[in-house]
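Remarks on the structure that follows.
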Amino acid sequence: MDDFVTETFEDNATDIPPFEFNDYTQRVVVAVMYLVVILLGTAGNILVILAVLLSKKLRTATNAFVVNLSVADLLTCLVLPWTVVATLSKDGLPVGEWVCSVAAVVQATAIGCSMYTLASIGLQRLLLIKRPMTTYRVIYTPKKIAAWLVVAWSIPLLVTLVPPLLDVGAVGYNKKYRHCGFPSTHPRSNDYDLIIAGGLYPVPLITIVVCYVLIWWHLRRHAKKVSAPEASTDSMTQTTRMSMVSESMATTNRPTHNANKPGVSRQGTLRKSHVSRRQTEITKNMFYIVCAFMLCLTPFAICLFYDDSDPFLPYASAILVFNSCINPLIYATKHRDFKTVFGCILRRKWDNIPEPSNCHKALTSGKMPCCGRSGVYA
């Protein structure tokens with residue numbers, strides 16, 4: 001009896017065919033999603049890179065990481081056409097397998113680089129807000145930023161490329177999902193998936209969460225400290241006015257430089273307050289970018305841990321790469337300096353670009369090459 005039940009169960013299990021993404025209508029829908037990402041992402045990320053090239057005002061340490069993020073997103077958009085070809089092809093991959101392998105490696109590396117870049121931005125904003133500017137400038141020199149960016153690319157590249165070279169998993173055309181990725185037919189594909197998941201996501205995710213929680217906590221405390229004196233401002237106004245009369249009577253017997261100190265102190269306080277508000281605004285913009293990335297990543301992450309998610313994984317993959325075209329929209333709507341430079345570029349008002357760089361001057365004068373060492377990230 002037990003043998004009969006076992007044989008019946010095995011027969012029923014073998015009757016269920018393994019999932020393949022064969023519904024052509026659904027494949028067209030996914031391909032259209034990819035095409036939207038390609039068009040918007042390519043144009044938007046080129047615009048971000050061009051804006052930083054043309055305006056020295058945008059050449060900051062934070063924007064060094066922003067440009068790196070745009071380069072990663074742009075690379076994703078440039079290799080996505082091969083995924084579109086693979087998705088729409090009815091008779092397998094119409095190009096060489098190596099093309100799909102390169103596309104898969106570039107896409108996985110770029111997404112991993114985005115994760116580590118977002119984590120780097122979180123650390124940078126945390127240090128900028130909590131540490132003295134002298135400490136910040138020692139850490140974020142141009143050479144150290146360049147080294148940081150190299151690491152952000154090297155880790156995902158090694159995590160993606162080394163295992164297949166050691167015959168742990170493979171990259172190329174995935175017949176199951178009809179796209180360029182990691183074929184599930186390899187006997188060690190599950191091991192490769194674990195390596196990818198462990199190498200690209202936990203460390204940057206934990207870093208991002210910890211950094212922005214600490215930033216939120218610090219800004220909340222700072223807001224309470226700033227708002228506390230405002231409650232007593234009105235009660236101090238009358239006393240201040242009365243003291244000004246006696247101070248003006250005694251001024252004639254004081255050195256001139258002493259009379260100027262309160263004004264200098266007040267200007268310094270106002271300037272510091274303006275910088276603080278400015279950095280808080282930029283930090284919020286970076287947090288919006290992190291939230292957008294997490295929203296795009298969540299469906300894909302759920303599918304990885306949910307056993308019956310095969311029919312939804314192609315859509316989750318398309319949503320994941322949608323992040324490549326969202327960031328420029330955030331810069332255009334939330335970041336004042338990017339918004340200004342974007343407007344000048346799109347309206348071809350080249351002379352209105354704030355703090356034009358040598359690259360801008362060379363382009364407008366027709367002299368090349370450009371984009372030298374001026375406006376080094378600070």
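A Cβ is built for glycine as well, from the same backbone N, Cα and C atoms used for every other residue.
Per TrEMBL, the features are as follows:
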| type | residues | note |
| --- | --- | --- |
| COMPBIAS | 250-259 | compositional bias 'Polar residues' |
| DOMAIN | 44-331 | domain 'G-protein coupled receptors family 1 profile' |
| REGION | 250-277 | region 'Disordered' |
| TRANSMEM | 28-53 | transmembrane segment |
| TRANSMEM | 65-84 | transmembrane segment |
| TRANSMEM | 104-124 | transmembrane segment |
| TRANSMEM | 145-166 | transmembrane segment |
| TRANSMEM | 194-217 | transmembrane segment |
| TRANSMEM | 286-306 | transmembrane segment |
| TRANSMEM | 312-332 | transmembrane segment |
Region pair the transmembrane segment (28-53) / the transmembrane segment (145-166), three or more CB pairs under 8 Å: no
Segment proximity, the transmembrane segment (194-217) to the transmembrane segment (312-332), 3 or more C-beta pairs under 8 Å: no
For the domain 'G-protein coupled receptors family 1 profile' (44-331), mean pLDDT (0 to 100): 83
